[in-house]
């Protein structure tokens, strides 16, 4: 018999855990009120050290106990895949009736991207909006044919050898469902760089979810771990997400201006609260620093290993900082709604250089390390390429190691003109297995096209017409010849500029990203789901490893 005194839980212990959680989450005033009303200063537990994320860790262990309690006698051949929640009853997937259509459809409410609702400027309200799209491509699903049971022929005593059934092909596309569809909108996500099947997603429902995406199996997958960004609501809409280089830590930025860092197991590592506006970009350096950009017009470098302490704040923009990008070592770039790009360095209080040439807000930056080229994409329908191979020379030229103020305003090396809509996404073509290569920049636009540009000359190499929908994102596989494109409600895979696979849904799609090993590509959906295309189920032209999904 268990001694009940061993399992005793006091209200004072609970209050201390809640106060620690409130402090970790940035709710300083609420934590202060709880401390006063619960008289925690005179509590016998006042000096007890509570680790960061202590309450979350205990709740996660409670869910594990509930899972064991529910499933201890379950048939291992039919494991349960339904999620567990602190606030709702668990229903085993084995007891749920399968839907005839495969993937359930949620409410199709209109949604808007956070970048459109900036408190700073009404100009940001045009950013990446996919609601109210006209002429969405819709495809009807062919009816599934049914095969009747084989009829007996000949004499009753004659045994007939049954034909061997062909093994069922795993579906090429699976749906990750878990984010609340009541808070519809495109989730943010990132594949772990070291654990290929681990995918992290953050949504408008204020949750971070970790998924173990199978390479084979069911058409619907549920998250293995749920991390809360409380309180739920627009103020805590997760806007950006990024893994560090070794895949051990995950950073999320939210509309409440708070940066949170989690372990790959879903444990809260630290909370950083210096920003005063929505976070639009989080990027890790190779050395472990975290760089964030916010609509409060600043970028901050954080020392995460030191508990999330701010190392340096950079306040050179006159409007929201929309993206940040690491260059070499401690050098990085920022861009914003003020149409400027600043080259910065940790330890230097003034910009290394100011890059000007765009006529509208700059949404994205991408760096090509071999050729020292920085690319930028803008709402002015253009992309620019900047040569930044001499940034380290500024420090070398300063005898005391501090950059001297100088009027170093640069113009672009190449301005890439041709798009007839906002440039939504830019990416450098990966090196892959090539020993030598020329830099190629790929841009996608709301005009429905994807263009490839020579990074040395600025010439347009090719144009891919993706359809009538806005192209809101593209991404290369780890190999340079395969590209994923999302246009309207359609996901397209192309090899060497030629389409070889497409999938569409009634929901709009937004952005796409590949697994580190190239075996899957994910696309965010307007109903808060994530669609994952598994490449082993697809035939790639000229290759025999895939299986045709037709």
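Including glycine, each Cβ sits where the backbone N, Cα and C put it.
Noted in TrEMBL for the protein shown:
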COMPBIAS  94-109  compositional bias 'Polar residues'
COMPBIAS  113-127  compositional bias 'Basic residues'
COMPBIAS  128-140  compositional bias 'Basic and acidic residues'
COMPBIAS  157-167  compositional bias 'Basic residues'
REGION    94-170  region 'Disordered'
REPEAT    190-213  repeat 'WD'
REPEAT    238-265  repeat 'WD'
REPEAT    272-312  repeat 'WD'
REPEAT    355-389  repeat 'WD'
REPEAT    416-463  repeat 'WD'
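Beyond the ends of the repeat 'WD' (238-265), by six or more residues, the same chain brings 25-26, 114, 187-195, 198, 200-204, 206-208, 210, 225, 227, 229, 271-273, 275-284, 286, 288, 290, 292, 294, 296, 302, 304, 308 to within a C-beta distance below 8 angstroms of the stretch. Within its own chain, the repeat 'WD' (272-312) is flanked in space by residues 26, 114-115, 118-120, 239-245, 249, 251-261, 318-326, 329-330, 332, 334, 336, 344, 346-347, which lie at least six positions past its ends and keep a Cβ under 8 Å from the stretch. Taken residue by residue, the repeat 'WD' (238-265) breaks down under DSSP into 0 helix, 17 strand, 11 coil.
Mean model confidence for the repeat 'WD' (416-463) is a pLDDT of 96. Each residue in the repeat 'WD' (355-389) gets a DSSP state, and the totals come to 0 helix, 19 strand, 16 coil.
For the repeat 'WD' (272-312), DSSP puts the residue distribution at 3 helix, 21 strand, 17 coil.
Taken residue by residue, the repeat 'WD' (416-463) breaks down under DSSP into 0 helix, 23 strand, 25 coil. Secondary structure of the repeat 'WD' (190-213), assigned with DSSP and counted as helix (H, G, I), strand (E, B) and coil, comes to 0 helix, 13 strand, 11 coil.
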